[in-house]
């Protein structure tokens with residue numbers, strides 16, 4: 001394997017596995033690329049672009065729901081569950097864009113203003129926040145019981161819940177913030193059972209993966225600069241590896257994620273990130 005493709009393969013492996021855990025895959029890739037010398041701003045954009053690789057695996061894994069939802073385009077305002085799921089995905093995706101795009105622009109400006117080491121400190125702090133969100137989610141899933149209302153009424157959220165969940169997903173554009181943690185947690189808070197919350201969260205992920213990959217490429221020059229620094233071929237290899245690994249890992253990792261206390265791992269990663277960033281910040 002050519003030496004310059006090794007970082008792409010490693011980043012693809014990270015994306016393909018971590019995407020399905022309640023840990024931020026873009027953050028893990030951002031940290032990795034920063035360690036090997038990529039500018040933190042570009043590393044962040046590459047972490048978002050890597051999401052393209054997991055899109056096809058998500059579509060395949062949730063193909064039954066995807067097909068039903070596409071068919072619901074013929075009757076988008078119908079009372080059946082497929083039409084309600086379509087409305088949920090459309091509304092939540094719009095809400096995701098409403099918070100996610102400003103979050104991306106804010107992060108890019110902040111990283112340019114404060115520099116690499118300070119940006120890594122910020123990522124570490126946000127990882128700590130994600131750890132607490134993950135811990136709360138784990139506790140709620142352990143205590144979770146099915147909703148009292150009929151299944152048909154609680155399987156697909158209404159407009160208000162769709163907006164809230166989508167807006168929370170948009171905030172996952174911030175480095176350090178886990179997308180699944182930010183969507184599953186509010187659904188659990190609002191009384192959805194764990195299985196339904198997981199299903200809805202990862203259905204939202206199908207569209208979010210495309211949006212996350214497109215944002216750095218169409219807003220500003222960040223994505224172009226990131227691809228230029230890493231190399232077009234290397235970036236394509238990263239996405240390709242992420243796609244293959246996602247296909248192979250999604251089923252196993254999703255089952256594992258429901259049992260593993262990812263909050264502990266998130267706190268450990270946050271601690272390491274803060275220590276390394278602090279040492280670099282003070283020139284040690």
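Cβ coordinates come from backbone N, Cα and C, glycine included.
Looking up the ranges 27-45, 46-64, 65-83 in TrEMBL, the one annotated as transmembrane segment turns out to be 46-64. Of the given residue ranges 180-199, 200-219, TrEMBL assigns the label transmembrane segment to 200-219.
Note: the stretches the transmembrane segment (200-219) and the transmembrane segment (46-64) are in contact (3+ CB pairs below 8 A, sequence gap of 6 or more). In summary, the transmembrane segment (46-64) does not lie against the transmembrane segment (262-282): fewer than three C-beta pairs, each 6 or more positions apart in sequence, are under 8 Å.
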